[in-house]
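Asker: Below are the features listed in TrEMBL for this protein:
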{"type": "DOMAIN", "residues": "A:15-170", "note": "domain 'PROP1-like PPR'"}
{"type": "REPEAT", "residues": "A:77-107", "note": "repeat 'PPR'"}
{"type": "REPEAT", "residues": "A:118-152", "note": "repeat 'PPR'"}
{"type": "REPEAT", "residues": "A:154-188", "note": "repeat 'PPR'"}
{"type": "REPEAT", "residues": "A:189-223", "note": "repeat 'PPR'"}
{"type": "REPEAT", "residues": "A:260-294", "note": "repeat 'PPR'"}
{"type": "REPEAT", "residues": "A:295-329", "note": "repeat 'PPR'"}
{"type": "REPEAT", "residues": "A:437-471", "note": "repeat 'PPR'"}
Amino acid sequence: MWAVDGAVMLRAADTGDAPEAISALQRMKKAGERNGVAVPLAFYNMTLRACKRSRPPASADATRLLREMREHGPGPDAKTYHEVIAAYARAIEWKLAEQTFEEMKRDFRGRGPTWHPSVRVYTSLISAYGKGGQFEKASELFESLFASSHVQLDTGVYNALLSAAVNSGRYKDAAAVFERMQTEGVRRNVTTYNGMLQSLGRQRRIRDMENMSQSMQRAGVMPNETTYSVLITAHGNSGNIDRALELLHQVIIAPRLHATAVIFNSALGACVKAGNLEGTQRVLRVMETEGVRSTLVTYNTLLMEASAERDWVRATKIYKELLLSGFAPDTITLDCLCGIEKLQACREERLREEIKRAELEGIDLPEFERTCDVSDSPVGNLPVLIRALADDRELEEVPGWRGFVSDALLRVLHVNNEYAEVEDTFKYMLTSDVTRTVHTYNSLLISYEARKEWQKAGEAMTQMTSEGIVPNALTFDALIDVCEEMGQWDRATTWLEQAQAAGHFQCEDDLGVLDLHRIRSAGTAQNACARIRVEE
DNA sequence: GTAGGGTTAG
């Protein structure tokens with residue numbers, strides 16, 4: 001009776017297709033009701049596995065499913081909790097992961113003093129802490145496991161701790177974990193080495209990284225897709241585009257490996273950072289011949305290139321293609337659309353050098369100075385181009401397209417200092433019932449921040465919450481900054497407390513040096529640190 | 001039904 005939907009669900013769980021798994025579960029429940037049979041727990045867990053693997057992670061679906069299981073059965077088991085906590089880890093929801101872990105212990109307390117959470121659940125929680133940049137918490141949990149006799153520590157937990165260190169920028173700690181695996185006799189696998197390669201790459205220790213890659217293969221551990229993407233990214237970030245493309249070629253011809261979209265995205269990133277437009281086009285062509293589909297990251301990377309060139313026509317075209325491919329823009333998309341300052345500065349520096357060379361050769365290039373003067377309108381005619389998408393018939397088939405176009409327009413208008421237009425566009429969204437997102441409100445809030453309108457910012461936050469939209473770090477950042485700047489200290493503190501309760505803006509005290517890498521602005525950072533001192 | 005790992009921004 002479950003065979004057909006079970007197979008659908010299994011495939012959905014493997015590919016991370018949460019909507020597909022959820023609808024299969026719904027069909028199973030209906031069939032179960034007709035026949036008076038309850039859907040087995042295993043299928044609920046399989047659906048949660050799909051939520052965990054879904055991109056972006058379907059953490060809200062996981063929350064709903066867990067609640068449903070608690071209220072109507074089947075009661076969650078250890079596997080259920082593992083999947084839910086892992087889904088939160090992938091969604092960088094470490095606070096939720098921590099809460100759910102506590103709830104699990106409470107639920108299972110009735111099983112007697114001999115019951116202990118499995119090593120896998122601990123691994124997922126450590127991973128959640130790591131993704132949230134909470135190395136102290138990850139380390140504390142690991143050490144308590146190390147000291148206890150209930151669980152046997154395996155390669156997986158060590159790997160989770162190692163990558164927690166890397167994700168929190170604690171490279172010395174990462175190296176210590178790597179050494180400790182050796183002394184404790186824990187086997188190192190490809191994930192272990194990938195963590196170390198990433199750590200060395202982020203420190204720009206390219207030679208050490210290449211040596212580590214060699215010793216990995218000497219130890220009989222073969223590189224996988226992740227290994228290649230880490231290596232390509234590191235070479236791209238240190239400007240060695242030739243080595244990056246050579247590695248891309250290697251993985252394409254490797255018999256046991258498949259060049260994934262992530263690997264192509266790493267290579268594209270290398271080209272974009274180097275300002276190598278021909279390289280980008282070449283990689284895109286190879287990607288197409290290899291039959292690899294673009295992801296949202298691909299489009300975001302291409303947007304970075306177009307906006308660095310201030311080629312707004314191309315940026316608009318890429319944004320449209322992104323929507324036509326069925327992707328919903330994320331925070332990064334909107335940043336990339338309006339231009340990454342560092343990349344724009346690099347490109348202008350290259351142009352300046354070109355001009356210098358041209359002048360030496362007696363050629364005049366007067367039009368460049370004009371394109372560089374962006375003080376009045378930083379994104380030129382981009383608002384006009386994005387606005388034109390609202391009349392684009394091709395987009396009409398894309399679900400939610402009006403909202404996506406409006407979200408882009410809001411951000412672009414804000415960046416172009418067209419504040420009255422921001423407000424008008426937002427009002428239009430309300431009156432025409434265009435779907436709002438967290439991005440809608442973030443653009444509105446940062447534009448209020450720019451105008452120092454703290455009351456309006458507060459009202460926008462209230463309205464956002466009443467619409468059931470969950471604020472993120474950028475939302476709180478804008479609110480806290482504007483309140484602080486206008487001397488609204490109590491309000492700023494209240495927002496900061498709310499933000500921290502949601503798991504944002506946590507500083508860690510690391511050898512007396514505060515770790516502020518997740519905090520966008522100096523203002524927010526100061527505020528967060530002031531609070532920590534008070535708490536101490 | 002096998003944990004853990006990767007790409008884009010600030």
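Placement of Cβ uses the backbone N, Cα and C atoms for every residue, glycine included.
Nobody curates TrEMBL annotations by hand; they come from automatic prediction.
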Asker: In the same chain, which residue numbers or ranges, 6 or more beyond the ends of the repeat 'PPR' (A:77-107), come under 8 angstroms Cβ to Cβ?
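Answerer: For the repeat 'PPR' (A:77-107), the list is 41, 44-45, 48-49, 51-53, 56-59, 62-63, 65-66, 69-70, 117-118, 120-121, 124-125, 127-129, 131-132, 134, 137, 501-503.
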Asker: Quickly jot the same-chain residues contacting the repeat 'PPR' (A:260-294) by Cβ under 8 Å, restricted to those at least six beyond its ends, or write none.
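Answerer: Contacts with the repeat 'PPR' (A:260-294): 225, 228-229, 232-233, 235-237, 239, 241, 244-245, 248, 251-252, 301-302, 304-305, 308-309, 325, 343, 346-347, 350.
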Asker: Reported in the order helix, strand, coil, what are the DSSP residue counts of the repeat 'PPR' (A:260-294)?
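Answerer: Grouping H, G, I as helix and E, B as strand yields 27 helix, 0 strand, 8 coil.
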